Amino acid sequence: PAQTLTPHPSPTTAEAKNGVTPETSAMDLSKAELHFMKKIPSGAEASNVLVGELDFLHQPLVAFVRLTPAVLLSGMTEVPIPTRFLFVLLGPGGKAHQYHEIGRSMATTMTDEVFHDVAYKAKDRADLVAGIDEFLDQVTVLPPGEWDPSIRIEPPKNVPSQEKRKMPGALDESSSHSKPEKHSGPELERTGRLFGGLVLDVKRKAPWFWSDFRDGLSLQCLASFLFLYCACMSPVITFGGLLGEATHGHISAMESLLGASMTGVVYSLFAGQPLTILGSTGPVLVFEKILYKFCKEYTLSYLSLRTCIGLWTAFFCVVLVATDASCLVCYITRFTEEAFASLICIIFIYEALEKLSHLRETFPVHMHSKLDLLTIYYCKCEPPAHPSNETLRFWRSNGITVSGITWGNLTVTECRSLHGEFHGPACGHNGPYAPNVLFWCCILFFSTFVLSSLLKKFKTSRYFPTRVRSTVSDFAVFLTIVIMVLIDLGIGIPSPKLHVPHMFKPTRDDRGWLINPIGPNPWWTVLAALIPALLCTILIFMDQQITAVIVNRKEHRLKKGCGYHLDLFMVAVMLGVCSVMGLPWFVAATVLSITHVNSLKVESDCSAPGEQPKFLGIREQRVTGLMIFVLMGCSVFFTSVLKFIPMPVLYGVFLYMGVSSLRGIQFFDRLKLFWMPAKHQPDFIYLRHVPLRKVHLFTLIQLLCLVLLWAIKASRAAIIFPMMVLALVFVRKVMDFCFSKRELSFLDDLMPESKKKKLDDAKNEAKEEELKLGKTSRVDTPKPSSDRADPSEINISDEMSKTTVW
């Protein structure tokens, strides 16, 4: 029966990989045919189109045949594929070309997604004719004098979905936005029970747990974790170094490395969204500095008070999980998440360039030097002419006599350790000029960025087979790092290298791995820690959940669901553990998470010659995150290898990550429209339905928010940065009064409304439907509306009928 008709069963995985089905296993295919078979999706069926002339016929004879089941007709197709459909056209002689064109048209019709379904389910001739009529309504006609039939039209990179053609009543794009989709899914609905959301997250993710490890057994995952391991190591160690300076070594690089490894491993194993990568944040560093300064002024134990604050913060986060507070994430729309993501990406780019510029202080350059005087330039160590009291105390305590030292023979390190001074025409402020080093660092930095970008795009080049191009593209950043390290070793210029702690022990000898929450502090500090803990809770919640929203975007096509409550719960648990152990706190890192997702994009393999590969989704698994942080914990034992990685190469990787993460952010696409004439503007969906002045207004508001966030983050008030991010949600809510709901549905996500407003809207819609049904049919002249786009901005293709003539 037509209702139960299904496509031919798919071959087994092993057979499909080899391009061989049970029917073809006995047949001997040539190499070309076997290669063509690999391009055909598994389970495909053939539709044969046969046309011909017969002298005894007086009028054409047409038949459309559907076979049940599909049959392998030998000699009919180029490769042995079972035939499901036959189209036969026979007619009187003299019209061969006409029959050939009809056959080509029928073959084209069979490639259409909608008519394909009609052909499988049609019950009679009328169904087929209706399917052909619908297909012709959607066809674009090219007149013969306007194009060259001998050339091939390149297939588009993105093809619009045909789903709305299958829905009755969906005539145009605007109708699909009359009732916009919900911004959030079922995972953000409030349960009304304690830990109800957490329990649902566990139930949602548990069936996928083992597949998360099986799906990670891929070459793409290996490339992803090698790249991100190098990308995560440097910020963790740098953050530890800055923390060590701010806290006088109470928490430093070793603690940062251990904390990142522990938190990352546990999070990757049990979190709801393992694609998120944890890292350190700027506001946390600012908070640590303020807390240490406070403890020093009031002679309190820094580590003990920090442990109390961390435990209270972990408790508050668990309370947020218990009360399903993560449901508030539905108020974080694209407006907020793009402003936050853009800021973090820009900070990544800025800090990469800033770190490169700071190398000038360590490796000063001899400006305006004369080549003819190179033989007489010198820089030597001498005792200070007017030693400070600190220097005199140092000499006295170490038994150093100035006259007993041969100052001219000391190395740079020895001269600095003995508090000597550098004198000579080849000396800078902090020591001798370092020839070539700064310029070599610049070459390494920009070469890393350019080479990473080129190798990543190698997948779409014309050279080498597909598998080679895909492998090079996946390993782009790792290959770049290896190439740059080898070049640096070959050149031999002493560029600054990555320094990793080589011993597994606390940085200071007066602390252990377990911290007493009270310690020498008075008992009331336990209660006083509540106030800063509330601020930390907002910081952790906002950083974690905004990054989670970005990772869980609908355009990433994630199939295994997400778990906002479970993610926050795991962060809270590890925050408590790190507090007790005196380790830094780690939360979702936006740029690292976006880069992780981008490195795991999956595209279609079975593409016909000339067809663009289609984006299928993200390779969702736990292996990459787990391996990144396991390897990070073992880095103490890899110092002999890691010491060869130049720091400018890692700065170049940061620049690449920041720039690549900006791609796909709609805010930057809208920003470019300010300087773009209307005729050169891309065909964005929001430009079709929203007036250009409203698009610019929306972009300016977002830009202003971004500038304010940057100003706050760069100032001393950086600790209130999470509060300002939270304020973006209220800014977005106020924008409901400046833009119509229809405009916001194109520019942004619609925010949830109160239950009362939903009921009122439902009543209004019901009244409108009654009025429409009661009215007689008539044609009204449309009145101009402020919501309509300007006539000069309307795309011509929208105003024409479904059949467009070029």
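Residue positions begin at 1 at the first shown residue.
The backbone N, Cα and C atoms fix where each Cβ goes, glycine too.
According to TrEMBL, the protein has these features:
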REGION    1-23  region 'Disordered'
COMPBIAS  1-15  compositional bias 'Polar residues'
DOMAIN    21-149  domain 'Band 3 cytoplasmic'
REGION    147-189  region 'Disordered'
COMPBIAS  174-189  compositional bias 'Basic and acidic residues'
DOMAIN    193-752  domain 'Bicarbonate transporter-like transmembrane'
TRANSMEM  222-244  transmembrane segment
TRANSMEM  256-280  transmembrane segment
TRANSMEM  300-323  transmembrane segment
TRANSMEM  335-353  transmembrane segment
TRANSMEM  437-455  transmembrane segment
TRANSMEM  475-493  transmembrane segment
TRANSMEM  523-542  transmembrane segment
TRANSMEM  563-587  transmembrane segment
TRANSMEM  623-642  transmembrane segment
TRANSMEM  649-668  transmembrane segment
TRANSMEM  719-735  transmembrane segment
REGION    755-806  region 'Disordered'
COMPBIAS  755-791  compositional bias 'Basic and acidic residues'
What residues elsewhere in the chain lie close to the transmembrane segment (222-244), defined as a C-beta under 8 angstroms and at least 6 residues from its ends?
251-257, 260, 277, 279-280, 285, 288, 471, 474-478, 481, 498-500, 507, 584, 589, 592, 595-596, 599-600, 623-625, 627-629, 631-632, 635, 642, 645, 647, 650, 653-654, 657
Among 256-280, 300-323, 335-353, 437-455, 649-668, which stretch has the highest count of C-beta pairs below 8 Å with the transmembrane segment (563-587)?
256-280
Test the contact criterion for the transmembrane segment (475-493) and the transmembrane segment (649-668): 3 or more CB pairs under 8 Å, pairs 6 or more apart in sequence, then answer yes or no.
yes
Intrachain residues whose Cβ lies under 8 Å of the transmembrane segment (437-455), provided they are six or more past its termini:
352, 356, 359-360, 363-365, 472-473, 475-477, 479-481, 483-484, 487-488, 491, 493-496, 646-649, 651-653, 655-656, 659-660
Cβ contacts under 8 Å made by the transmembrane segment (649-668) with residues that lie 6+ beyond its boundaries:
230-231, 233-235, 334, 338-339, 341-342, 345-349, 351-353, 355-356, 444-449, 452-453, 456, 477, 480-481, 484-485, 488, 498, 555, 590-592, 594-595, 598, 699, 702-703
Do the transmembrane segment (523-542) and the transmembrane segment (256-280) share at least 3 Cβ pairs under 8 Å, sequence separation 6 or more?
no
DSSP says what for the domain 'Band 3 cytoplasmic' (21-149): how many helix, strand, coil residues?
50 helix, 29 strand, 50 coil
Integer mean pLDDT for the domain 'Band 3 cytoplasmic' (21-149):
84
